[in-house]
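As written in TrEMBL, here are the features:
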- Cys359: active site, nucleophile (ACT_SITE)
- Cys234, Ala235, Ala236, Pro237, Gly238, Asn239, Lys240, Asp258, Asp285, Asp305: S-adenosyl-L-methionine binding site (BINDING)
- 447-456: compositional bias 'Basic residues' (COMPBIAS)
- 126-425: domain 'SAM-dependent MTase RsmB/NOP-type' (DOMAIN)
Amino acid sequence: MALYAAAAAVLAGVESRQGSLKGLVYGSSFQNVKQLYALVCETQRYSTVLDAVIASAGLLRAEKKLRPHLAKVLVYELLLGRGFKGRGGRWKPLLDRHQARLKAELARLKVRRGVSQNEDLLEGGSKPGPASQVPRFVRVNTLKTCPEDAVDYFKRQGFSYQGRASSLEDVRALKGKCFLLDSLLPELLVFPARTDLHEHPLYQAGHLILQDKASCLPAMLLAPPPGSHVIDACAAPGNKTSHLAALMKNQGKIFAFDLDAKRLASTATLLARAGVSCCELAEQDFLEVSPSDQRYRQVQYILLDPSCSGSGMLTRQLEEPGTSVPSQERLRALAAFQQRALSHALTFPALRRLVYSTCSLYQEENEDVVRAALQQSPAAFRLAPVLPSWPHRGLGTFPGAEHCLRASPETTLTGGFFTAVLERVEVPSSVSQAEASAPEVTPNPAPKRKKRRRKATAAPSSQPGM
């Protein structure tokens, strides 16, 4: 019930202009931010449909104590969402009493509009586009389990494992309870779009991280070996931080910074659930972190994913109308901050490799920021050529920009994203030449589609065995 009350509070806050949808979600006391965000976005997307059904059914007239925003969330879950599945608290019996009438009014609305599918009821701007076809990517947390065991667990639950994807067409064809291993990342599973795993025991135990493929690229390309010292400059909400820790096998040190106390608290919760023990969290502005501080003298890897417009986020289009298009003033302010952060990061004396990433589609926050930083350090750093087979490259705004990576629902079946890998041209004298070789990213063999089942693994408890 706490989920529905929290979602109703966010919707009320958006309507009364108390803040943006995303800001209100992160400001909520509800712990599962992604689950809350998804429910609010979907409820808002169907807002006019829900208003029509609720009014026609006379729900608010019959139930005086039921507030409008809560009614909208509950009716969405009943008619269009996952159903209550044991949730709903004291409101579930109330909705059960009106269930037949509400379903009948939804059916009448479809007849009046001449449509058969729920999504056909949406206004033009709310209808699903390419973003709705993006699959559910699930990163196996190798600090707690391995891809083979995760695959076996899903198979025992009735899912059908299709092996390693060989093309985007394999991913597009996913339906029902089929799933694949990603073609690039050996620990990334791929499920059909809209597969909901928030209640899955492996997710709740920290064995799985719900993370878009494009968002997995920064840590993978930074590739810090075990024992490294790494800075995650803008760490919240923590998915990339946990990925770094997994790559490092919890050996070494991650210095993770973020200014937002609430987001940092959510990050701490995520990292604890994921079993991360090599990370030191700090509520601090990365721009105020001194490169000459002796604590960071061994930092050779930096992941910089700064605040951005979020224009590539799959759910951003579902927020308040117009929020997906930032003003030129905001775009300039974001780009100026991003340039300062990137230039600052490049001054750490032992730095060998840096990944700069955003979930923005704008050149001003991406190629322009990288070009400005390289112009300030023309002889010290260069863009590293990575993933030559990646289909979507950086905009050709300067020589070498093709080494940057872009992502989008249309070209890569992921969220909109930008990634650039900068590496030092001259290795600092304190770092041996042997250590300076850039890591190669080579996919591991896919778990085999076994005919004979392995011995069953118990479902995870507070101390999962997987």
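Glycine is no exception: its Cβ is also placed from the backbone N, Cα and C atoms.
Bear in mind that TrEMBL entries carry predicted annotations, made automatically and left uncurated.
Confidence annotation: the domain 'SAM-dependent MTase RsmB/NOP-type' (126-425) carries a mean pLDDT of 93 in the model.
Maximum C-alpha to C-alpha distance over the listed S-adenosyl-L-methionine-binding residues Cys234, Ala235, Ala236, Pro237, Gly238, Asn239, Lys240, Asp258, Asp285, Asp305 is 19 Å.
For Lys240 (S-adenosyl-L-methionine binding site), applying a Cβ distance below 8 Å and a minimum sequence separation of six or more within one chain yields Ser215, Pro218, Ala219, Asp232, Leu303, Asp305. Taking Cβ-Cβ distances under 8 Å and a sequence separation of 6 or more, the neighbours of Asp285 (S-adenosyl-L-methionine binding site) in its chain are Phe257, Leu259.
A 10 Å cutoff on Cβ-Cβ distances gives Ala236 (S-adenosyl-L-methionine binding site) a total of 26 other Cβ atoms nearby, all chains included. Long-range C-beta contacts of Cys359 (active site, nucleophile), restricted to its own chain and to partners at least six residues apart, with a cutoff below 8 Å, comprise Ala214, Ser215, Cys308, Gly310, Ser311, Gly312, Met313, Gly415, Gly416, Phe417, Phe418.
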